[in-house]
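S.K.: Can you read through this structure? Questions will come right after.
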Amino acid sequence: MNLDKLQNWLQENGMDVAYVSSPTTINYFTGFITDPEERIFKLFAFKDAEPFLFCPALNYEEAKASAWDGDVVGYLDSEDPWGKIAEEIKQRTKDYQNWAVEKNGLTVAHYQALHAQFPDSDFSKDLSDFIAHIRLFKTESELVKLRKAGEEADFAFQIGFEALRNGVTERAVVSQIEYQLKLQKGVMQTSFDTIVQAGKNAANPHQGPSMNTVQPNELVLFDLGTMHEGYASDSSRTVAYGEPTDKMREIYEVNRTAQQAAIDAAKPGMTASELDGVARKIITDAGYGEYFIHRLGHGIGMEVHEFPSIANGNDVVLEEGMCFSIEPGIYIPGFAGVRIEDCGVLTKEGFKPFTHTSKELKVLPVKE
């Protein structure tokens, strides 16, 4: 179905050939994903000919056995891949003048190699915006995978909370989370590098886990996600290890209130900027606006960051079927940081999260 949309777009826009270069986008159109490393892995679609998947011989049998039921063309390391691509295209069609290229995944070296095979062709049309647009709206089968990834994230939080004890490093907690995901859930890939930040480290939103040790009576921020059959989860929770101070409780409750208000307000027809403003106003009115230093959210799907961007000034209208995060944060340098994040799908009834770990402030007991 997705590939039909691409072929229809080619016909409507007077394009002869589509060059799809990102492994994630190839997965979207074919149901097959692999890491080709330095080798060539591409999808070619045509306005009036059958598409084909081009891959290393190492991946040929895997591709043939995948959900992709179209042609697969493999090549050996000893062969010239670009010459073989050109030969395959010229056998399929005489129309290869006008190309639509996924420029977001195109390297200069690959463009030069392709242009050398088709020196008279026009490669100026960008396919990236069309791909981003159709990926905005998730099908029910995609939502099933996103919900499953959310369940895995909820499991990971419980492992992380249980791993906290005096003197444990942030990295050791991460290792426990990722080990148990593999052992108990069969999760072989996280959607990004797992973040665990204790105390003042949590005031640096995207700082990775360090050898910093967890100490009693501080906040600990978790930001984590998994890949489930090619679809990502991404969720954040902040907990207290030991008894938090009144100030810690205050910033937590302000942030939790802002996040829940945005979840409750989200509906089709409002703009991304309006939704961002719901949470931002609450945090600003509480006196912490200067510490909310990022957008409210981002799209999610086959990649952990997709469109739409839920940001101040973005007037894109939110529609049913869009999936995105709602994740306000308050980060006070030298003190603490709080982020609470859920990804979900926008329906006519509102925003439906994929993760369900409680957002009441969890005060964990101190353990030796």
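Numbering starts at 1 and runs along the chain as displayed.
Cβ coordinates come from backbone N, Cα and C, glycine included.
Copying in the features that Swiss-Prot gives for the protein in this structure:
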BINDING   Asp223, Asp234, Glu341  Mn(2+) 2 binding site
BINDING   Asp234, His298, Glu327, Glu341  Mn(2+) 1 binding site
S.K.: Please report the number of other Cβ atoms within 10 Å of the Cβ of His298 (Mn(2+) 1 binding site).
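M.R.: Other Cβ atoms within 10 Å of His298 (Mn(2+) 1 binding site): 22.
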S.K.: Return the count of C-beta atoms lying within 10 angstroms of the C-beta of Glu341 (Mn(2+) 2 binding site), excluding that atom itself.
M.R.: 26
S.K.: Specify the secondary structure state of His298 (Mn(2+) 1 binding site) as given by DSSP, simplified to three classes.
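M.R.: The residue in question, His298 (Mn(2+) 1 binding site), is strand (DSSP, three-state).
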S.K.: Measuring Cα to Cα, how many Å separate Asp234 (Mn(2+) 2 binding site) from Glu327 (Mn(2+) 1 binding site)?
M.R.: 10
S.K.: What are the other residues, in sequence order, whose C-beta lies within 8 angstroms of the center of the C-beta atoms of Asp234, His298, Glu327, Glu341 at the Mn(2+) 1 site?
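M.R.: Close Cβ neighbours, site residues excluded: Asp223, Ser235, Ser236, Gly297, Ile300, Phe324, Ser325, Ile326, Asp342, Cys343.
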S.K.: What's the CA to CA span in angstrom from His298 (Mn(2+) 1 binding site) over to Glu341 (Mn(2+) 2 binding site)?
M.R.: 11
S.K.: Determine which residues of this chain, when Asp223, Asp234, Glu341 are set aside, have a Cβ within 8 Å of the centroid of the Mn(2+) 2 site's Cβ atoms, and list them as they appear in the sequence.
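M.R.: Other same-chain residues with Cβ inside the cutoff are Ile195, Leu224, Gly225, Ser235, Ser236, Ser325, Glu327, Arg339, Cys343.
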S.K.: Can you see whether DSSP assigns Asp223 (Mn(2+) 2 binding site) to helix, strand or coil?
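M.R.: Note: Asp223 (Mn(2+) 2 binding site) is in a strand by DSSP.
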S.K.: Taking 10 A as the limit, how many CB atoms besides its own sit near the CB of Glu327 (Mn(2+) 1 binding site)?
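M.R.: Result for Glu327 (Mn(2+) 1 binding site): 25 neighbouring Cβ atoms inside 10 Å.
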S.K.: Ten-angstrom check, please: count other Cβ atoms within 10 Å of the Cβ of Asp234 (Mn(2+) 2 binding site), all chains counted.
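M.R.: If we count other Cβ atoms within 10 Å of Asp234 (Mn(2+) 2 binding site), we arrive at 26.
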S.K.: Just how many other Cβ atoms lie inside 10 Å of the Cβ on Asp223 (Mn(2+) 2 binding site)?
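M.R.: For Asp223 (Mn(2+) 2 binding site), the 10 Å Cβ neighbour count is 23.
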S.K.: In Å, rounded, how far does the Cα of Asp223 (Mn(2+) 2 binding site) sit from the Cα of Glu327 (Mn(2+) 1 binding site)?
M.R.: 11
